[in-house]
Amino acid sequence: MHPTSLLLLRQKEHARHSPALVRWALIGTALLFLGVFLVVPLVAVFHHAFQKGAGAYFAALQDPEAWSAIRLTVLAALISVPLNLVFGLASAWLIARFRFPGRDLLITLIDLPFSVSPVIAGLIFVLLFGRQGWLGPWLAGHGI
């Protein structure tokens, strides 16, 4: 048997026989992390949202602007999800299968949104599409 295979086999056996206290401490740490950073904020948001009761939500659904926002959200999702699926699969296939000029640039352009803070991205959108932004007056002139 290859020495690397023996090492991996020993590590697996050691992991299986590690003290239960270590395993439970790691599981507890993971659950605490999930609770603090996922469950607590979600509970706080829903608690705050329903302080005025569910009637406020039903009243908001009577507003034509709310339905306009819902329609716009659904339309954006119906357009962006298939486009992202097609271009994401195509670029992943190209990157994984072929070596071509511009491959590194393509990888960089794909990874770029992950490196930009959402706050900065929001600021960029406000500067571009806000009322005083570059495209804001044009959008307002077209009723958008």
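Each Cβ is built from the backbone N, Cα and C atoms, and glycine gets one as well.
Unlike curated records, TrEMBL annotations are generated automatically.
Per TrEMBL, the feature transmembrane segment maps to 21-50 (among others).
Long-range contacts of the transmembrane segment (70-94) within the same chain: residues 100, 103, 106, 110, each at least 6 residues beyond the stretch ends and with a Cβ under 8 Å from a Cβ of the stretch. According to TrEMBL, the feature transmembrane segment maps to 70-94 (among others).
As annotated by TrEMBL, domain 'ABC transmembrane type-1' applies to 70-144.
Beyond the ends of the transmembrane segment (106-129), by six or more residues, the same chain brings 91, 94-95, 135-136, 139 to within a C-beta distance below 8 angstroms of the stretch. The feature transmembrane segment is assigned by TrEMBL to 106-129 (among others).
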